[in-house]
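This report concerns only the one structure given below.
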Amino acid sequence: MNTKTYGVTEPISTNGPTPKENILNDALIQELKNRGSFESEQATKKRVEVLTLFQRLVQEFVYTVSKSKNMSDSMAQDAGGKVFTFGSYRLGVYGPGSDIDTLVVVPKHVTRDDFFSVFADIIRKRPELEEIACVPDAYVPIIKLEFDGISIDLIMARLNIPRVPLDLTLDDKNLLKNLDEKDLRSLNGTRVTDEILQLVPKPTVFKHALRCIKLWAQQRAVYGNIFGFPGGVAWAMLVARICQLYPNAVSSAIVEKFFNIYTKWNWPEPVLLKSIEDGPLQVRVWNPRLYPHDRLHRMPVITPAYPSMCATHNITSSTQKVILAELSRGSSIMQEIHAGKKTWSDLFEKHSFFYKYKFYLCVVAASIDSAEEHKKWSGFIESKLRQLVLKLEVAEGVEIAHPYVKDFSNTFILDDKNAEDIINSYGTLSGEDFLRTLHSSDSDKDDEEFKKIRLTKYYIGLDLNLTKSSDGVRKLDIQYPCAEFYSICKGSTSFTEGVNFIQIKNVKLHELSNDVYEDGEERPKKSGKKRKKVIKEDGQKRVRNESPASSASVNGSS
């Protein structure tokens, strides 16, 4: 039995599992297997081969840049370069279709511009490349790839050393000297992942519990840092803390305690895996007493590796409400699972996002450009979507602005059609008749024969609490937050007039397009209730309790 203390407090219980918990644990593992949570040995071997190839490509990249800066051949060879992994792959909780979070570490003479130009060009020449999108403006600049059937997210960190040998580790804090914040954030991923595995009592128990929580979070659409929800590392740290509190528990018990504890957690009390470390470097460490910005974090989960950062800084008022509601639901279901009234499959039931709200905003990013350039544009829009959510949250009458954590994409051949007509039709049920007259293109390959328009849409659900104005009409004005969002997007270096487009439109529940529902899912029905009309002094008929969307329309597609 493990009696060691892990974390910042004594454990709550050091008891081992009960017979019932062991039975529930076996059922959990079986449910995870049934849902394809574990990858085959052959698929895992392929990941290793791809990472081995990328190690060679990184060394080629560093060598090429070194030679361009007049280094001798031997010095350029010695400059090195190394690939590290982090996230779900390094934690050992990846499954079929999971991406590989990959860190490229380079010596001081290689720049981030080199990463997005020289290295990206080296990758483009590879026959295994299927898709590439460079997003240099992201909070952590990133290259997103589909490579030989595997999704890879590449980030870069430049160390203040002349060479990066293959035996380099990232444990030494002195490696963090004289780095900018982007490099620190990039390095933190691998360093945090390694520390998490060292701070849990039983890694196998932790990994199975984390697989469960990851699957739950994905099914309930509360997984995605960029959208304002915890990402993979944050969920991992939340699970790890429960493992510390119950060091001898099995995974099923960890999951039950997870929901019970975090439903009652006194936010914004931080979740810590170990005490926050000070260090000799002039780098910022998370400290709400010192930094006002850190006091704004709503559900802080603090990384264990120095310098400690908040992994959940993106959580907004709206996404916090959604997360807490899902934790509460999970806690209730776990009680029923324990009582034998429900099974693990009930915990993993799919979300109801596209049934939940009466009104939605649909944000459309469109490009008359290559697949790569469109991914760059839509990736930028995605990275800024949280800014729109923050602006909507403070609009009068908006209780919740709930972003959906996945996008939907289509490509059409333009022919003689007007791009704005296509954009105006995209994302709504009523626009689908027009879109069916177009030739869709399933291929992301670029060709000169056809001019294509590529579209990606994102949805934000709106929970509204509107008060009546003097004329008895309920109104919502979101012109200002939408106009501000347009300004941010059009001010980007990714935006080119006439090539890139951005549009925000209001969509009622019954007007959502068909592609947001899976085969077999029933669409929500339009209410047959008729609304009372009133005659205004100007003689115009208006609907009493008018839909707030009608006064909130903000369409612009240039």
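Heads up, the Cβ atoms here are built off N, Cα and C, so glycines get one too.
Of the residues Asp73, Asp137, Asp148, Asp153, Swiss-Prot places Asp153 in the same Mg(2+) 2 site as Asp99, Asp101. Binding site for ATP per Swiss-Prot: Phe86, Gly87, Ser88, Asp99, Ile100, Asp101, Asp153, Tyr223, Gly232, Val233, plus Lys214 from the candidate set Lys207, Lys214. Here the CA atom of Glu484 (site 'Interaction with RNA') lies 27 Å from the CA atom of Lys144 (site 'Interaction with RNA'). Using a 10 Å radius centred on the Cβ of Asp101 (Mg(2+) 1 binding site) and all shown protein chains, the other Cβ atoms total 26. Just so you know, the Cβ of His313 (site 'Interaction with RNA') picks up 19 other Cβ atoms within 10 Å once every protein chain is counted. Mapped onto DSSP classes, the region 'Disordered' (1-20) shows 2 helix, 0 strand, 18 coil.
Arg386 (site 'Interaction with RNA') is 13 Å away from Glu484 (site 'Interaction with RNA') when you measure Cα to Cα. Only Asn314, of the recorded positions Asp99, Asp101, His313, Asn314, have a C-alpha within 10 angstroms of the C-alpha of Arg386 (site 'Interaction with RNA'). Note: Lys391 (site 'Interaction with RNA') has non-local neighbours Tyr480, Pro481, Glu484, Phe485, i.e. same-chain residues 6+ apart with C-beta under 8 A of its own C-beta. Across the structure, Asn314 (site 'Interaction with RNA') and Asp101 (Mg(2+) 1 binding site) are spaced 19 Å apart at their Cα atoms.
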